[in-house]
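Undergrad: Dropping the structure in here first, questions after.
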Amino acid sequence: MSDLIFLKLGGSLLTDKTGTEALRADTLQRLAAEIAAARAADPQLRLVLGHGSGSFGHVAGARHGTRAGVVGPAQWAGFAEVADAAARLNRHVIAALLAAGVPAVGLPPSASALVSDGYIRELAVAPIQAALAAGVTPVVFGDVAFDAARGGTIISTEEVMDYLAARLRPAWFLLAGETEGVLDGEGNLIPLITASNLPSYLPALGGSRGTDVTGGMAAKVAAMVALVEANPGLAIRIFSGLIPGLLTRLLVDPGLAVGTRLAAG
């Protein structure tokens, strides 16, 4: 079985999505330190890290309508602005990781992604494999992309990592957010979601707090269930990144029974 772990740090965890480019620096620094602690506890840890765009890329993307398509000089200027905003948050993430002692390199999806009507057709995988082989943590993120049908668009972190999962075959995909997991309409934790029980929960999952041009919780959970169905052997866990120390524990033991697990079935 693969020992590779995918980890996504949610944009709502790293930023205040109700603001504009509102970084939660203390949270980012703590999470970077927890990744460093996990690497120290398990020197063989192989990790591909992704992060959302939060109030950086999503705010700019909503302002310009980039996800729906790009035509004309004004929208292409907006496309470039969104790319700059997404990269700016990535620089914060990389800086925090380096400060914590984690060798990490940002790999912008916009540099290699070819998309057709919102679907990723090509994305460079070799640089990620090379980073892993060198003991470096590759960091991807939601980004702009050139689109054969729309001109330009935005691809989410989940879409990027979904594409990579089919090719790199991680054992686990961990998603850290603001809540303890996926919650039902009454605010109770849902411990297990499968393709069979997903329809009963979807109406209660709702959207995203703040600006999110790539969909809220319902869309993300549905996509994750589809991913686990398409990739036998993959396990997915959604958990709170606000609980100090939990990220380290999960990176060392992803099977820890916390949060919401998404499984085939």
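Just so it is clear, glycine is given a Cβ too, placed from its N, Cα and C backbone atoms.
Automated prediction, rather than curation, is the source of TrEMBL annotations.
According to TrEMBL, the ATP binding site annotation covers Lys8, Leu9, Gly10, Gly11, Ser12, Gly54, Gly216, Lys220. Summarising the annotation, TrEMBL assigns substrate binding site to Ser53, His58, Thr157. What TrEMBL lists as domain 'Aspartate/glutamate/uridylate kinase' is 4-231. Annotation comment: TrEMBL describes Lys17 as site 'Transition state stabilizer'.
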Undergrad: For the binding-site residues Ser53, Thr157, which one has the sparsest Cβ surroundings, going by other Cβ atoms within 10 Å?
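TA: Comparing Cβ neighbour counts within 10 Å for the binding-site residues Ser53, Thr157 gives Thr157.
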Undergrad: What's the number of neighbouring CB atoms sitting within 10 A of the CB on Gly11 (ATP binding site)?
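TA: Within a 10 Å radius of the Cβ of Gly11 (ATP binding site) lie 29 other Cβ atoms.
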Undergrad: Taking Cα-Cα distance, which of the binding-site residues Ser53, His58, Thr157 are within 10 Å of Gly10 (ATP binding site)?
TA: Ser53, Thr157
Undergrad: In which DSSP state, out of helix, strand and coil, do we find Gly216 (ATP binding site)?
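TA: DSSP call for Gly216 (ATP binding site): coil, neither helix nor strand.
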Undergrad: Closest of the recorded positions to Gly11 (ATP binding site), Cα to Cα, picking from Lys17, Ser53, Thr157?
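TA: The answer is Ser53.
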Undergrad: Using other CB atoms within 10 angstroms as the count, which residue among the binding-site residues Gly10, Gly54, Gly216 scores least?
TA: Gly216
